[in-house]
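K.L.:
Before I ask anything, let me first share the structure, which is written out below as structure tokens.
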Amino acid sequence: MKKSDEEFTLLEDHVSDSVDHRGLPARKSSTGGWRAAWFIIGVEVGERFAYFGIACNLITYLTGPLGQSTATAAVNVNTWSGTASILPILGASVADAYLGRYRTILVASLIYILGLGLLTLSASLIIIGLAEESNDANSAKPSYWVNILFFCSLYLVAIGQGGHKPCVQAFGADQFDSEDPKEVISRGSFFNWWFLSLSAGISLSIVVVAYVQDSVNWAFGFGIPCLFMVMALVIFLLGRKSYRYPKGNREENNSNAFARIGRVFVAAFKNRKLSLEHSGLGQGLLEDGPSEIRKGRLGFLAKAMISRGGEEEEGREPCSGRDVEDAKALVRLIPIWITSVVSTIPYAQFMTLFTKQGVTVDRQILPGLEIPPASLLSFIGVSILVSVPIYEHVFLPLARIITKKPFGITMLQRIGVGMVLSSFNMVLAALVEAKRLEIAKEHGLLDKPDVTVPMSIWWFVPQYLLLGMIDVFSLVGTQEFFYDQVPTELRSIGLALSLSAMGLASFLSGLLITVIEWATGRDGGESWFNTNLNRAHVDYFYCMLAAFTAFAFFAFLFISKLYVYRRVNQV
């Protein structure tokens, strides 16, 4: 009896579908949980420090040392950040189908470090005189190649981030057993505290790195993020023995989730002419499947469960109910994803137009102390550091009392709140910009872009604080939603989808700026994005984005009412 109790305790200590670093069944007492999660959170803090050390002040570098116009620089920043946010789909696909998350993080980290190192080199070459400044006929060649080196290294950083970002967060969430009720609750808190911790890293990066870039030089400003990325890799390797590794990432004999789910769409397409209502075989299969399939809500995908004679002869079985449910889960995410893309377009502005506006105003916060405009981004981190504990310890308990639900509000409700705040923030940004233009006009500064507008930079702080609140609701909610609603084997892809919404939003923002620049600036007109911001009208652009976000919210509201959450226990 004693031996039996010991075996039961040992079995209870094991984690389902996970192994340790030696390939043995993972044990709760020695692997995973918060002990492993904090290593991974530390890695993400270092990575976010590195990424935002480049991103937060990139538009200043492009319009300064590289001499680009405001509109061109904004499009380049949006294109790069969009690429960096869409590439996680490729990185997550490689991780979920081939390398596994752990190996993908290692490879991505090395690419990341290489890109940051070359970026530092390109800035150093400009400092030592290879930029196009002299009258020498050959001076254009080194400047051209330095620019090529800069953009190649910048996109190497994007590639590294594409493999690193979705896998690290998914790997962190993997440290909590989805079949243990206590660890499931801890996993929900993980997403909140994960975001709070990396926000601290982002805020530190914005304050320190932006100051070094503006006050010392750009080579040091790019070198510091490279050093932090090296530290992040070291921290990740130090935690190797405490991690839980999902079996699907290590066992070659597991069925490929892409092939399994992809076969559903292929089979459904081939069987599209068959009528389930009049097919006895198909009806029999449906009766054995999950209730959602039996009720017919899966539509044409349920046809993948019909066995055709040719398939039986080739030894292939029809798709299972689980396969069909997984395919349907992915299809159901598409409308949510589309509305997320539209509502995230305003988010692309805080590293471009917001920063350029900050350059034009009085940036003295204390007598003799002037802050770089990019330092305003640190208020986003400050807002998150305050908002996450309030959300966890005040908002959620109140929501649980009101809704009588253990999670307080649903993930879709959380995302919806973020959309409303985003639309309101664009209205606020438009009003602040209109005030700046009014002050510039009153003081006769419309044609004096190099003269500081007598307006305190504190006017811009509320819109940055609101961005932090939007992150806590919309960004964290979107990440948790896509992680939770995709099939277990594709959770890296789920997080990549949430990131890709931001990426596509950046591309759309760049496209909008290009089109509006052409439409308003042609025939001698004053462009909304005039290089002289005192003659520009980005306030009109912000109003347009507020309208887009409001439209996306109402579409999201309609879609979310029809959405059926994916069940945890599948047949």
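Quick reminder: no glycine exception, Cβ is built from N, Cα and C everywhere.
Okay, so TrEMBL annotates it like this:
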type     : residues : note
TRANSMEM : 105-131  : transmembrane segment
TRANSMEM : 143-160  : transmembrane segment
TRANSMEM : 191-212  : transmembrane segment
TRANSMEM : 218-238  : transmembrane segment
TRANSMEM : 330-351  : transmembrane segment
TRANSMEM : 371-391  : transmembrane segment
TRANSMEM : 412-432  : transmembrane segment
TRANSMEM : 464-483  : transmembrane segment
TRANSMEM : 495-519  : transmembrane segment
TRANSMEM : 539-559  : transmembrane segment
K.L.:
For the transmembrane segment (105-131) and the transmembrane segment (218-238), check the count of CB pairs under 8 Å (sequence separation 6 or more) and say whether it reaches 3 or more.
P.N.:
yes
K.L.:
At a Cβ cut-off of 8 Å, and with pairs 6 or more apart in sequence only, do we get at least 3 pairs between the transmembrane segment (330-351) and the transmembrane segment (143-160), yes or no?
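P.N.:
Output no: the transmembrane segment (330-351) is apart from the transmembrane segment (143-160).
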K.L.:
Given a Cβ distance threshold of under 8 angstroms, which distant residues of the chain, six or more beyond its ends, lie next to the transmembrane segment (191-212)?
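P.N.:
Distant contacts of the transmembrane segment (191-212): 37, 41-42, 44-46, 48-50, 52-53, 56-57, 169, 172-173, 220-221, 224-225, 228, 371-372, 374-375, 377-378, 380-382, 384-385, 388-389, 391-392, 468, 471-472, 475-476, 479-480, 483.
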K.L.:
Cβ pairs under 8 Å only, please: of the recorded stretches 218-238, 371-391, 495-519, 539-559, which one is richest in them relative to the transmembrane segment (412-432)?
P.N.:
539-559
K.L.:
Should anything in the same chain at least six residues away from the transmembrane segment (218-238) have a Cβ under 8 Å from its Cβ atoms, list it; otherwise answer none.
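P.N.:
The answer is 39-40, 42-47, 49-51, 53-54, 57, 61, 65, 105-106, 109-110, 112-113, 116-117, 119-120, 123-124, 126-127, 205, 208-210, 212.
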